[in-house]
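Participant: Take a look at the following structure, please.
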Amino acid sequence: MIPLKRRKVVQTVLCDREASKFPDVVIYILERKMGSSRKAFLTRLGRSKGFLVEESYSSDVTHVVAENNSGEEVKAWLQNQTCGGKSSGSVNLLDISWYTESMGKGSPILIEDRHRLKVDLQSNTDSPTFAIESYACQRRTPLKHHNASLTEALELLAQNAEFTDNEGRSVAFRRAAAVLKTLPRAVRRLDDLKGLPCLGEHSLRVIKEILEDGVSSEVESTRQSEQYKAMKVLTGIFGVGTKTAERWFREGIRSLADLKTRGGRLNREQQAGLDYYDDLNRPVSKAEAHAIGQIVGEAVRAVLPGAEITLTGGFRRGKEVGHDVDFLITHPEEGKEEGLMPKIVSWLETKGLLLYQKTTRNSYLESKDGPVRPSHNMDRFERCFSIFKLKRTPEVCGTSNQSAGQNDVTEGSDVRQQEVQSEPSDWRAVRVDLVVSPYSQFAFALLGWTGSKLFERELRRWAGQEKSMSLSSHVLYDRAQNRYLRASSEEEIFALLGLEYIPPSQRNA
Ligand code: UTP
Ligand code: MN
């Protein structure tokens, strides 16, 4: 994206920037070896499809497209263009195939390796080692990546910023971490990060320290700080958000033991959170998620034949463990899903499978509510927050015990209350979220509930800032056209948003 400040200047120079459908992609087609008539033809074609294709090269250009030129030739040409000292490193040097494929698609396609002109990185001190799009929803973010120690550090600072009610700072750290997750290899020097988006001064400082010293003093002192440790324990209680935990912290509460001795009121949800604290802070394995899927599937089919259930959340993105298990339930005949949740819940309760549940009704009414604000995350489906009582069978618990060992919670083992769970039990508690969606909203619900949270946030930001649309887990609304855009698959939603389709396994931003 073009930074706001620069956009203003650019607008006065180029009036067609306003009309462009993709203002953050500024294309220059290299005439060299192509000829002027072909360049003119390609330029007209691009403009007719809403692309911004510049007549001459300037510092605003983000994509240089060439045909029959080697990467080295284009790089040499680029270095001869003096354009206000802007590093040519932030420009994408692309083969014509990227351009023609984008024309075919009607929107700028995701840049793949095969589109890039190969330049010798060794001799190229000016170019960034990697070129990365600025919104996480424009990029592929795999689960396993090459910069775990850096992202873990940045995410700890993000979480601490959340704990201290600084959402802006938290999102900035998360965006920085997400950029590092997309990189094709480990960052070794600060120079590797030249030209990358979303890396603010603070994040770069932390990264630099870790690259040089192995650790960041800020991260380590945060990790050890009284507030961070207490907030981590307290927000680890199901039903306790940052606000409540902060209040307790100010009242001097540091641990679960403090909380218990203080007495005082806990709501039903928080009490359940405290009762099953250890279990709920132990990662849920994939095997456990599938076992729960079997049970919920059985419940759903028993109470409404033809209803469909889909595993969403982190497990749909390919995660091996999760903090909970998320399911989306629908029925192909619109309307059949109404009132389904209470039936599922009572089926489960009769079988003694629920330790806790709270069901909220569907409160979404398009005619009444209209499009949601883009940053609004809460959806209004019929929903059940529950704690499952999952029987430990040999297949299920093998993996779960392993993960418990890796991720032990130090605090609170005293709290796994003897009266709640007596002898080494043959079951464990698992957080499960059930959501029922009308069929017509299913694709939006699926996209919204697959995550990751940052990916979702970036999708909504992209929709709002780049497309004048509002995206929620219910609908997509086009503010310019004043209408809802329907979709029956995630692929369609990405297309409506002018984005390359990113599969769930690559949404781990
Ligand atoms: P989770 O919090 O369950 O995260 O939300 P996760 O990605 O599955 O990771 P775990 O569970 O920590 O392993 C799943 C998705 O559901 C959306 C979130 O935005 C996220 O994308 N969600 C969650 C909502 O849309 N609304 C909610 O109230 C809660
Ligand atoms: Mn989840």
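Backbone N, Cα and C define each Cβ position, glycine as well.
According to TrEMBL, the Mg(2+) binding site annotation covers Asp324, Asp326, Asp433. The compositional bias 'Polar residues' annotation in TrEMBL covers 398-410. Look at TrEMBL and you will find 17-116 tagged as domain 'BRCT'. Residues annotated as region 'Disordered' in TrEMBL: 398-422.
Quick one: how deep are these features, and who are their neighbours?
Facilitator: Neighbours of Asp324 (Mg(2+) binding site), defined as other CB atoms within 10 A of its CB across all chains, total 20.
Broken down with DSSP, the domain 'BRCT' (17-116) shows 42 helix, 16 strand, 42 coil.
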Participant: Can you tell me how many other Cβ atoms are located within 10 Å of the Cβ belonging to Asp326 (Mg(2+) binding site)?
Facilitator: 21
Participant: Write out, in the order they occur in the sequence, the residues of the chain not among Asp324, Asp326, Asp433 that have a C-beta within 8 Å of the mean position of the C-beta atoms of the recorded Mg(2+) site.
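Facilitator: For the Mg(2+) site, the extra neighbours are Thr312, Gly313, Gly322, Val325, Phe327, Arg431, Val432, Leu434.
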Participant: Just to be sure I understand the packing, how many Cβ atoms besides its own are within 10 Å of the Cβ of Asp433 (Mg(2+) binding site)?
Facilitator: 16
